[in-house]
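Engineer: What Swiss-Prot records for this protein is below:
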BINDING   ASP26, SER55  Mg(2+) binding site
BINDING   TYR174, LEU175, GLU176, ALA177, GLY178, SER179, GLY180, GLY205, GLY206, GLY227, THR228  sn-glycerol 1-phosphate binding site
Amino acid sequence: MLKLGKVETYIHEKLEREKLHFVLLDPDDVSPELAGELASMSEEVGVDAIMVGGSTGAEGEVLDSVVRAIKESSNLPVILFPGSHGGISKYADAIFFMSLLNSRNPFFITGAQALGAFQVKRYGIEPIPMAYLIIEPGETVGWVGDAKPIPRHKPKIAAAYALAGQYLGMRLVYLEAGSGAPQPVPPEMIGLVKRVIDVPLIVGGGIRTEEQARAAVKAGADIIVTGTAIEKAGSVEKAREKLEELNRGVKG
């Protein structure tokens, strides 16, 4: 019988009480030392989990050392957010086992997943099946993943894909505008998607301010992902201020 793993159970239990804030760290952009520092700070501020990964696909020792540093510095769950099948580290707690549903390339829909599946099993990492949708502009991830980004003014297309993902058995839906996107996913799109699906909705990309985080949550997002705004804050003090600001937007 299929039963939910520890991290997925943690997500569902926390969602019964509040909206969640995940911080995404890209091993291409942060050293293990900085990753550890940001993770420990995230935990103090009230962030709920750390995601590790990026579209250009850091792997091997670079990825492992960042995941290890995070595990040593905080008690937050570490969830892999792989750009491809190389983005797997045995030190992580869970992996968003995701399919880029609006890719034009079957490699990003099921190919990379097949190549990584046995490794996930061998390492005993908890897989969390997720439908991943790229919304305009899509940024680097849209280009790398050969996506056909969903137009910002077509929420119904996003909702159709999201519902298809749920019906295919995926237990989370992620709307992604792309790291560093000029604007986040539009609230109208978040709202429509949330109305049609029954699984938790994650929204990320372009969320830089308390107001943007609050607007996404108000529209229906269950989990907000931030990353670039924190990584690019300029100093550790500024990163903490930005984290606190974004967390206020999510938690209210």
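Glycine is treated like the rest: Cβ placed from N, Cα and C.
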Engineer: Using C-alpha atoms only, work out the spacing between THR228 (sn-glycerol 1-phosphate binding site) and ASP26 (Mg(2+) binding site) and round it to an integer in Å.
Structural biologist: 9
Engineer: Return the residues near GLU176 (sn-glycerol 1-phosphate binding site) by Cβ distance under 8 Å, restricted to its own chain and a separation of at least 6 in sequence.
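Structural biologist: Same-chain residues close to GLU176 (sn-glycerol 1-phosphate binding site) (Cβ under 8 Å, separated by 6 or more) are TYR132, LEU133, ILE134, ILE135, GLY138, VAL141, VAL185, GLY204, GLY205.
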Engineer: Between TYR174 (sn-glycerol 1-phosphate binding site) and ASP26 (Mg(2+) binding site), how many Å separate their Cα atoms?
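Structural biologist: Counting only the Cα atoms, the answer is 18 Å.
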Engineer: Give the helix, strand or coil assignment DSSP yields for THR228 (sn-glycerol 1-phosphate binding site).
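Structural biologist: The residue in question, THR228 (sn-glycerol 1-phosphate binding site), is helix (DSSP, three-state).
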Engineer: GLY206 (sn-glycerol 1-phosphate binding site) to ASP26 (Mg(2+) binding site): how many Å between their Cα atoms?
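Structural biologist: Distance (Cα to Cα, whole Å): 15 Å.
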Engineer: Taking just the CA atoms, what is the gap between ASP26 (Mg(2+) binding site) and GLY180 (sn-glycerol 1-phosphate binding site) in Å?
Structural biologist: 12
Engineer: Let me check the 10 A CB neighbour count of THR228 (sn-glycerol 1-phosphate binding site). How many other CB atoms are there?
Structural biologist: 20
Engineer: Neighbour count, 10 Å Cβ-Cβ cut-off, for GLY178 (sn-glycerol 1-phosphate binding site): what number do you get?
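Structural biologist: So the number of other Cβ atoms within 10 Å of GLY178 (sn-glycerol 1-phosphate binding site) is 25.
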Engineer: Report the same-chain neighbours of GLY180 (sn-glycerol 1-phosphate binding site): residues 6+ apart in sequence with Cβ closer than 8 Å to its Cβ, ordered by sequence.
Structural biologist: GLU139, GLY205, GLY206, THR228
Engineer: Per DSSP, to which secondary structure element type does GLU176 (sn-glycerol 1-phosphate binding site) belong, with helix, strand and coil as the options?
Structural biologist: strand
Engineer: Have a look around ASP26 (Mg(2+) binding site) and count the other CB atoms within 10 A of its CB, chains all included.
Structural biologist: 22
Engineer: Around the C-beta of GLY206 (sn-glycerol 1-phosphate binding site), how many further C-beta atoms are within 10 angstroms, looking at every protein chain?
Structural biologist: 23
Engineer: At a 10 Å cut-off from the C-beta of TYR174 (sn-glycerol 1-phosphate binding site), count the other C-beta atoms across all protein chains.
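Structural biologist: Result for TYR174 (sn-glycerol 1-phosphate binding site): 24 neighbouring Cβ atoms inside 10 Å.
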